[in-house]
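Undergrad: So Swiss-Prot has the following annotated:
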REGION    1-202  region 'DHBP synthase'
BINDING   E29  Mg(2+) 1 binding site
SITE      H127  site 'Essential for DHBP synthase activity'
SITE      E165  site 'Essential for DHBP synthase activity'
REGION    203-400  region 'GTP cyclohydrolase II'
ACT_SITE  D331  active site, proton acceptor
ACT_SITE  R333  active site, nucleophile
Amino acid sequence: MTTFGTIEQAMAEILAGRPVVVVDDANRENEGDLIFAAELATPELVAFMVRYTSGYICASLTEDDCDRLDLPPMHHTNQDRRGTAYMVTVDARKGVSTGISAADRARVIRLLADPSTTPDDLARPGHVVPLRAREGGVLRRTGHTEAATDLTRLAGLRPAGVLCELVNDDGTMMRVPDLERFCAEHSLVLVTIADLVMYRRRTEKQVELVAEARLPTRHGDFRVAGYRGDYDSAEHVALVMGDLGDGRDVLVRAHSECLTGDVFGSLRCDCGLQLDTAMELVAKEGRGVVLYIRGHEGRGIGLLHKLRAYQLQDKGRDTVEANLELGLPVDARDYGTGAQVLYDLGVRSMRLLTNNPAKRAGLEGYGLTVTERVALPVQSHPENERYLRTKRDRMGHLLG
């Protein structure tokens, strides 16, 4: 049986200058990262990390610190499949030799964590990889990048952490049984990102319920709840029907905003049909939630960028090709704020209305349980045939 530590134990270890091991969800990377506080970096800690990890040492920083230190993205289009935000690599400009030694890397890591460091103190490129953590931490993105800044901040230190993936002697990634043995051998605390999410949920609130009212629709009467996110400032809406707190799984649709499909009835996508069908199914069941997530227009690229992508699609590109040609991610959505709204409404386990497996994984990463994926019907016609085919063949949607 795997023995995980508590987040409080991990915080105490980090504050004492010791590393911890953090593992993410089995549906995500399913990897364990060695993490310690950047401001407490020593040559010994870096050497230990190099010995037992891939050696690709990263330093997770807040968005503000990345901007203050003039750390631009490694590439203008982030095509990393997990959305890890790699910045241009750095070394210390002074006080180092080649930059690759444990002592040299410990020095630049401490510089990155020091609020008095200026852009001129850093040389580019270098041997340490800064990562840009999402504002809101693991409540916005359940990655090791955000776990590193969250744990150091919660420990009372600067929100800057050092991280690298633990590997076996043969170079394969350590999974939970390997991580458990490693932690036992080296007396390290092992925690999960899911537990960090739950800890922050217990101690912090990231969404605010602003207003509630009755909303009569052609599908029946819903209770409409309006929320504002603390970090994204977007205004999200949940249509609620029935009692959500009776212990049964809740039928849920987490719907991404789509002005063209939801409001104007565009035939280029199936968004409007999915929204209407979700409301109908929840009303038929008499219990459930239709969550309308703002800021997801065009899979997160925004309305005007979506219209630019439409221009390219009119010239023969598919929806994936168009985004990439514009230098935009294929899918920039995160479900952290939406998951917090569902949690605040009382949802703990759900039957999720979606054809997109990534949406299921996105919500489960925030401590919600999806017991069943409920497929939504698909209507193919000449205007959306290629779009649906691309979603199925290139984005992994389950369209039957």
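Quick reminder: no glycine exception, Cβ is built from N, Cα and C everywhere.
Predicted, not measured: the structure shown is a model, and the values here were computed from it.
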Undergrad: With a 10 Å radius around each C-beta, find which of these recorded positions (H127, R333) has the fewest other C-beta atoms nearby.
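TA: Lowest Cβ count within 10 Å among the recorded positions (H127, R333) is H127.
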Undergrad: Express the distance between the Cα positions of H127 (site 'Essential for DHBP synthase activity') and E165 (site 'Essential for DHBP synthase activity') as a whole number of Å.
TA: 16
Undergrad: Sequence gap of 6 or more, Cβ distance under 8 Å: name the residues on the same chain that satisfy this around the residue listed as 'active site, proton acceptor', in order along the sequence.
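TA: Looking at Cβ-Cβ distances below 8 Å from the residue listed as 'active site, proton acceptor', excluding near sequence neighbours, one finds R299, G300, A358, M395.
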Undergrad: Which residues, sitting 6 or more apart from E165 (site 'Essential for DHBP synthase activity') on the same chain, put a CB under 8 Å from its CB?
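TA: Looking at Cβ-Cβ distances below 8 Å from E165 (site 'Essential for DHBP synthase activity'), excluding near sequence neighbours, one finds E31, G32, D33, T53, S54, Y56, M173, M174.
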